[in-house]
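Below is one structure, written out as structure tokens; the observations come after it.
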Amino acid sequence: MVDIIFHYPFLGAMGDHSKKKPGTAMCVGCGSQIHDQFILRVSPDLEWHAACLKCAECSQYLDETCTCFVRDGKTYCKRDYVRLFGIKCAQCQVGFSSSDLVMRARDSVYHIECFRCSVCSRQLLPGDEFSLREHELLCRADHGLLLERAAAGSPRSPGPLPGARGLHLPDAGSGRQPSLRTHVHKQAEKTTRVRTVLNEKQLHTLRTCYAANPRPDALMKEQLVEMTGLSPRVIRVWFQNKRCKDKKKSILMKQLQQQQHSDKASLQGLTGTPLVAGSPIRHENAVQGSAVEVQTYQPPWKALSEFALQSDLDQPAFQQLVSFSESGSLGNSSGSDVTSLSSQLPDTPNSMVPSPVET
């Protein structure tokens, strides 16, 4: 918290901060005496010039309008202090806001969306069992699978994980380390051991118990030993193998479902809306609109050319029509000349009368 204090400067000799006289104010930032009218004080007893109190990272001036943080003798604004020294998510390394809900695992803090298994990426919900291994979250199924692989892959490694067993050597009483040849020989004996064959009744009993609880406790295993007549080791190995097979099967089914979903949603690598092609149609039928009747004026020379193309021409009348057209007196002649000329022409439809035609 930054406070502004009205200061009356003390006109005394400047001295050390530890030996300052009553009424003097020494700036923590520059170490000189403060003669300004106002002093910026940071709780509990740190006093600054107004020009000296600023963030050590972004050089933003700090006053009573913002929050000031002091760490190792340096002042920071709230944004830089949270970025540098605030608690961050152990998964995404992003800070938290005051409204975020978090999940804690020992000393690590996670966002709710980041609290997932590092193997199968399944989100861990409240009530789920998980393990924290080298700052990585593991769900119960993946943790058990990891223990099984460690037990099968490195049986003689120092500090075995729970559930892992080493090789049983005949000369276990001797404290000497077995030679490399003996170790290879024992490995060969392990690969050629006799497999345990289960009958139908034993298999049905184990499957029924597995459907009820894939991870039976010690009491349930003792009951299975009495019911099936098998050794505890055979029952434990059968449950381990069954869980491993179901895990692989579920992963394979999930991959197949994702592949089918991606095949349906994409076409040759391009994602879009699927369309169905229809039958081909004529172009004019596809044009939408209403028919419009267009009327044009037919000039006189067109009627004259149509009259000239007729086969049964009356030569005297045609010669008179041609001479009449060439004289150019169609528009200047009297009405009687036009009437007499029309009476001499053969009776043909639309010979000289302009009529509207459809185009």
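Using the three backbone atoms N, Cα and C, a Cβ is placed for every residue, glycine included.
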Stretch carrying region 'LIM-binding domain (LID)' according to Swiss-Prot (options 242-271, 272-301): 272-301
The domain 'LIM zinc-binding 2' (87-149), counted residue by residue under DSSP: helix, strand, coil: 10 helix, 20 strand, 33 coil
Three-state composition of the domain 'LIM zinc-binding 1' (25-86), taking helix and strand from DSSP: 8 helix, 20 strand, 34 coil
